[in-house]
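In what follows, a single structure is set out as structure tokens and then discussed.
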């Protein structure tokens, strides 16, 4: 198993390197000169050349990439053009916030998704299945930013139960695990959980239906197991796939929640990306994407390892 | 688990398995389908019976009905099922799960599909032992090891920790047999246990089953479509067609002098060492009846070459043709031409 993990890390390394290259090239693929955003409009050619040299843009691309990668590996993602603060600190804070939001959302989604999935899978083609499936389809197909707005209208504007925006009192940008902050987390997390809930519920329903139709379930009953005993076998058979889906969903939510984070003004990566794009803050954009991509690579790695640990049929060498 | 009360009469009753007028209907479709239409069977301890028939004849359904393994919401079982004193159709949830595995156990056709792929084999056996006898996991594993030795699995201690996909087909079927025997059942049901295996492995498994049946005094019901297998393992053969038992008798008698035209046809269509080369095998013309719309009389009537009008007037009665040998055919008594 340890050998497998080492091997799998070995496979992840080139992927990570490729991702870093794409992130680096982003700056050069984006239309316009990255420097034009900070240089005054009437800057002389001499000044431009000076700035170019200062930022290292005068060197050949591979050299630039090497230097950039060297810095990244040492934890230096550059400086935000808009705020002048180090990108790493900005991204770190945002990733922390997004991670909390995405994890809680995935947890809620996974809990309800597996529950609905099992109900639907076990009671296939009954009204229970139809209700559970309808909830799942609603989850995957409803526009989430719209749902977010509705949630704000209902629970903040009308009922006044929960705060509509931000991560904490007084526009606090740092999430902190206390009751007050939890109230801020609730609305965006529930809104966001609807996506993984739907996806996981659909997957688990199909998995459970499939497993229940296999011969071994009948064989388990034939050896006298109770329905609960059989259920345990079904869970263990469904777990590897369900967990893989959950991991991927967490990855998507971590980076792909620009709309929800914007609706709720949640100071996470989506919010940060949104700001970086509108302010043409390329170092920030680059750094954020790189960190998110690395998270995704790591998450995939974790999912692979967990799946292999759970399913003996996957080759471990 | 408290043992269900046994009827006083069963002690005197020699029959371990007693099936009377068993019917199985599959609901849920446009029309209920009668898969088994009134089967009568008796089996004594230590006796092996082969249920012989083609696909869709109802033999597997009969077997599953004996363990109530058919999905309850979509099936209706009628008639009388009495196994080792248990009124099977009246068993409650707890009694049923004690009965399954404890009194009756089943071996499935494809052991590759019938074992849970993500559990170690030893644990799957231990699980059954723990469930039925309330012992520890260690004791369950010890029993599993004992059983692995009993079914001749080489290096049994190591195999206990194997997953099903790490074993060969024959080995898996041995493990499946070990699992079935885990809680000392009195009746063993085998659903085409050799169909998914290689020819050489088939023989080994059949010999093993025969050996276990004799040593443990098991009553075995063996479902197969293979006449050769039936003769090899069974004392008696019951031929099934269209959900009915058309002929029952000692293996030698049924194979040696078949009384029902379907049995004759079945025997004529198999390959034997002295089948002439280059000659087409005999077949039975037509196809099995649609169980949703069965023929009014004898189920074999539409394909039979010996039809008389009486065949269409209800199910033919059971006619005894020898000691313990009977068939359902209105033309019995007249000479039957094979093929």
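For all residues, glycine too, the Cβ spot is worked out from N, Cα and C.
Among the ranges A:68-86, A:163-181, A:182-200, the one that TrEMBL lists as transmembrane segment is A:182-200. With respect to Cβ pairs under 8 Å, the transmembrane segment (A:135-162) is most closely packed against A:182-200, considering the stretches A:12-30, A:99-123, A:182-200, A:242-264. Contact between the transmembrane segment (A:242-264) and the transmembrane segment (A:99-123) is present: at least three CB pairs lie under 8 Å, with pairs separated by 6 or more positions in sequence. Residues 61, 64-65, 68-69, 72, 282, 285-286, 289-290, 293-294, 297-298, 300-301 of the same chain, all 6+ positions outside the transmembrane segment (A:12-30), place their C-beta atoms under 8 angstroms from a C-beta of that stretch. Long-range neighbours of the transmembrane segment (A:182-200) within the same chain, counting only residues 6 or more positions beyond its ends whose Cβ lies under 8 Å from a Cβ of the stretch, are 100-102, 104-110, 112-114, 116-117, 135-142, 144, 147-148, 151-152, 155-156, 162-164, 166-169, 175, 242, 245-246, 249-250, 252-253, 257, 260-261, 263-264, 266.
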